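Take a look at the structure set out below.
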Amino acid sequence: MDSKIQINHKEWANKFKLKIQKTGSFMAGMIMPSIGILLAWGLWTAMFLYDFDHNKKLGWFDAPMLGRLVEPGIKWLLPILIAFNGGRLVYGLRGGMIATFIIVATITGTDYIYGHYILQKVGDKWVHPGSPNQFIGAMIVGPLSALFLKKVEKLYLHKINPGLEMLVKNFGLAIYAIVLGLGLFWSWGWIMWGITFVMISIIKLFGDNKWVAPLLGLFTEPIKVSFLNNALNHGVLGPIGYNEIQIQRSNGVANPRSIFFLYDPNPGPGLGLLLAYIIFTKKEDRYNATASSLIHTIGGIHEVYFVFIIKKPKMLLATMLGVVGAQFITSYLGGGTIGTPSPGSLISLIALSNGTHALLINLLAFVVGTLIAFGISVLLLLKDKKHLQTESNQGFKITDEGIEFSNNKNQEEKINNSDIKKIVVACEAGVGSSAMAAGLIRKWVNNNNYDIQVTNLAVKDLKDEYDVVITMKSFKDFAQQKAPSAYIYPVEQFIGKNIYDDLYKMIKNKQEIREGK
């Protein structure tokens, strides 16, 4: 009986983990394709932000004509991009189209509801001037409107005469868009007021309290190292940060900025952990940590340090306290950025620091986060003598070439397909570390003159058309669910010279069998 309960509990835990991974991957998928535009808007705002009510510059340069792009960018451009991406993920191009129409209707309706009802009925005590930005709105109404269209069309499209299908599709899309648009025009403003009230409460609790704000890092870091960093950064903390920026702008604050953008992207704590491994461990770990530190700090790909925490969970304490220390500096001394530094590199952190004061504080926070994480990591490593003696009991072996994982070495599973034609590297968001890994594998494939396609994408976008799927161990079940026919090649991390040796050996064996050698 106890064993049955234990099995059921394990199954439930696995299902829950898959749900969380799917949700996080989906949220990241709505934001990540538009990161370049988000970065462009953030830099534009930092340079040209202007207070037209008081006729004074808030950005780096005094150019009011260019500052006129800031408001339409956050009010229209960015929510439309997010809504389109969300709708496209649910129902392709048609889903993106209806999501775009709906978000425009909701933004317009929210402006009207706020101006004519909420400000008059509720008053300025609970509502800051102006309607809220619609980042959260786009992430909700975009996918839901596309899902509605998908479910409804599924009921009758297969019954339509092929000659009339385009006509029915176009008129159907128009009718559903109007109906949903009317409903959300009048209702979403009130829903958004409730959401905004919660976000403002979070801002008041953490953003306005210099002593409480840093403690949020105790919760964000464990979520981050669970490979949900993109969902956390862009799906949760980002919208709260942009909402705070909007409140500051409406209050005429010069150089508006938010610390909510820095809980995840600050590379300091991760660098501190890696530096401890570089200095206080044997050459095997030192080699891997050295390569990872450059990728992490300059490239902004934080996933490379997650593996050190996964192998030794107690190291999470170092980065958690590093984040708390760094955020104490930004909170207490008035740091923060104008937007989400993405990728989370030192370069992005500097670029989005709005003003000299913010830049100096953010750099100080980077240094403090590095030193705290480094100090605690050193204490943990020196205390753990087992680590200094051997790593064999961790399920992996480290060589001068990189990390060599025993679970891959001992796998006896073979690919059912006769040939390997398509290999994909899949991570949470489909960018960053997976792109680098795909590049490494593609280079090896080209050097050996094999006719194999190597790509990278987000786990949620996997289809059952690949021969080999390379993904993180934590996403193995999710990947198997998306591509049941594929051979899943799970890894602890994407970067490391020996990680793909088994895969290369497998490809060579397949090629030799095919050529009859």
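Using the three backbone atoms N, Cα and C, a Cβ is placed for every residue, glycine included.
Marked as domain 'PTS EIIC type-2' by TrEMBL: 23-390.
According to TrEMBL, the transmembrane segment annotation covers 26-50 (among others).
When Cβ-Cβ distances below 8 Å are used as the criterion, the transmembrane segment (73-91) is approached by residues 26, 29-31, 33-34, 37-38, 41, 44-45, 97-100, 102-104, 107, 133-135, 137-139, 141-143, 145-147, 149-150, 242, 245-246, 460 of the same chain, each at least six residues removed from its ends. Residues or ranges marked as transmembrane segment by TrEMBL: 73-91 (among others).
Note on the transmembrane segment (98-115): residues 75-76, 79-80, 82-84, 86-88, 91, 127, 130-132, 134, 137-138, 141-143, 145-146, 149, 173, 176-177, 180-182, 184-190, 192-193 of its chain, located 6 or more positions outside it, place their CB under 8 angstroms from a CB of the stretch. Annotation comment: TrEMBL describes 98-115 (among others) as transmembrane segment.
TrEMBL lists 135-152 (among others) with the feature transmembrane segment.
Remote same-chain residues near the transmembrane segment (164-184) are listed as 94, 97-98, 101-102, 105-106, 109, 141, 145, 148-149, 152-153, 157 (criterion: CB distance under 8 Å, separation of at least six residues from the stretch ends). Per TrEMBL, transmembrane segment is recorded for 164-184 (among others).
According to TrEMBL, the transmembrane segment annotation covers 315-338 (among others). Outside the transmembrane segment (315-338) by six or more residues, the chain places 42, 45-46, 49, 207, 210, 213-218, 220-222, 225, 245, 256-263, 266, 268-270, 272-273, 276, 305, 308-309, 349, 352-354, 357-358, 361-362, 364-366, 368-374, 376-377, 380 with a CB less than 8 A from a CB of the stretch.
The annotation transmembrane segment is assigned in TrEMBL to 358-382 (among others).
Marked as domain 'PTS EIIB type-2' by TrEMBL: 421-512. On the 0 to 100 pLDDT scale, the model's mean across the domain 'PTS EIIB type-2' (421-512) is 83.
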